[in-house]
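A.B. asks: Annotations for this protein, taken from TrEMBL, read as follows:
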- 6-30: transmembrane segment (TRANSMEM)
- 141-258: domain 'C2' (DOMAIN)
- 272-393: domain 'C2' (DOMAIN)
Amino acid sequence: MAEQVALIIGGLAGGLLLLLLLIWVSCCLWKRLCAMFTYEELPGTTAASSTQGDKLCPPYAARTETSRPPGVPFVVPPSFQDRDWVPLNSGEWAQVPRDPCPAPELLPHTSSSNLGMVGTINPELYKFLEDTSETDFPEGCLGRLWFSLEYQQEAERLLVGLIKARRLQGPSETCSPLVKLHLLPDERRFLQSKTKRKTSNPQFDEHFIFQVSSKSITQRVLRFSVYHVDRQRKHQLLGQVFFPLKNETLAGDCPRLIWRDLEAESLEPPSEFGDLQFCLGYNNCLRRLTVVVLRAKGLQLQEDTSFVSVCVKVSLMNHNKFVKCKKTSAVLGSANPVYSETFSFKADPAELDTASLSLTVLQVTEGEKSHVLGRVVVGSYMYARGKQLEHWDEMLSKPKELVKRWHALCRTTEP
């Protein structure tokens with residue numbers, strides 16, 4: 001009997017010790033868990049007192065002690081310490097007005113503060129670039145046209161949005177503009193906008209559709225012709241915009257917004273073998289000679305235009321020796337092709353006195369045979385005269401600028 005009592009007492013004592021051990025382990029785990037989620041205040045934030053206006057704010061350290069409710073294993077962050085949230089009947093939550101005296105670290109930093117500002121935003125880095133397309137007009141500008149382009153590959157449709165024009169130079173103070181759209185080389189068919197009465201800054205906001213196959217779209221050029229309509233309904237050309245349709249222009253699923261300055265129509269009749277328009281520019285710092293082949297007109301094609309393509313070969317010569325040659329893309333079936341392609345050549349300033357550029361217009365047939373339609377050479381006094389020499393000298397006198405001119409083609413053979 002005594003042994004049974006001893007066993008019972010021993011079991012009770014062991015169970016009590018085990019229970020105390022479990023309680024101790026639970027307390028340790030709870031303290032560690034509370035320490036993990038406790039908000040620790042950063043050094044240097046317990047400033048004394050600060051002022052905003054004429055009101056004195058209590059020290060932040062005193063507020064942190066009372067901001068922790070009993071039984072909550074964390075401290076409310078400073079940015080939310082002065083906020084309280086009240087549940088509403090609709091399930092939403094309303095915010096109680098903030099304490100008019102914010103925490104010291106939330107007050108604006110002054111220039112005299114010697115504390116480093118971490119995580120601040122520099123507003124200078126987030127300024128949007130100012131759009132100067134409606135304010136920055138070059139001298140002698142005939143006007144500027146805005147339009148959008150989108151090509152639908154499956155439907156084979158070119159969507160053109162005519163948006164607006166600014167600073168049109170009409171024949172009088174009152175200008176009534178309209179715009180005709182051609183998809184070159186087709187000169188016969190065109191689309192036309194509505195006439196805007198008595199305004200030099202018309203807002204069109206019209207859309208047009210051209211049906212054109214995906215195979216020939218890159219061979220086409222979109223031409224905008226801006227006219228003034230007088231009281232007798234006669235059309236007077238104010239300027240034109242030529243825009244070649246390239247693959248990079250038509251890429252993407254959304255319309256592309258574009259603006260171009262109007263160009264005056266060349267009043268001179270085409271030369272015997274046609275004319276070529278291009279730009280020249282030279283950059284002294286980069287030692288780069290730039291040629292922009294724009295377009296040609298009045299070319300004398302030798303065969304049926306439906307089987308003929310025309311390209312321009314640009315050759316850099318030095319002391320009449322060949323240096324480098326580049327070609328434009330071929331435009332199919334047009335005596336007035338538009339290219340707008342840019343080429344660059346490396347050339348030292350000392351070489352410009354002995355250098356020249358030869359631009360040759362070539363007609364290419366189906367058999368890959370080429371025929372020279374005309375040629376023009378620009379360069380120094382050793383190789384050029386007249387307008388060709390003037391173009392070269394003007395390029396040298398205006399560094400980093402593109403000088404644009406028309407030149408008549410001649411039928412001389414290449415060296």
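Cβ coordinates come from backbone N, Cα and C, glycine included.
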A.B. asks: What does DSSP give as the helix, strand and coil breakdown of the domain 'C2' (141-258)?
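C.D. replies: The breakdown for the domain 'C2' (141-258) reads 7 helix, 61 strand, 50 coil.
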A.B. asks: For the domain 'C2' (141-258), would you mind checking the mean pLDDT of the predicted model?
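C.D. replies: So the average pLDDT across the domain 'C2' (141-258) works out to 88.
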A.B. asks: In the domain 'C2' (272-393), how many residues does DSSP put in helix, strand and coil?
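C.D. replies: Result for the domain 'C2' (272-393), in helix, strand, coil order: 17 helix, 67 strand, 38 coil.
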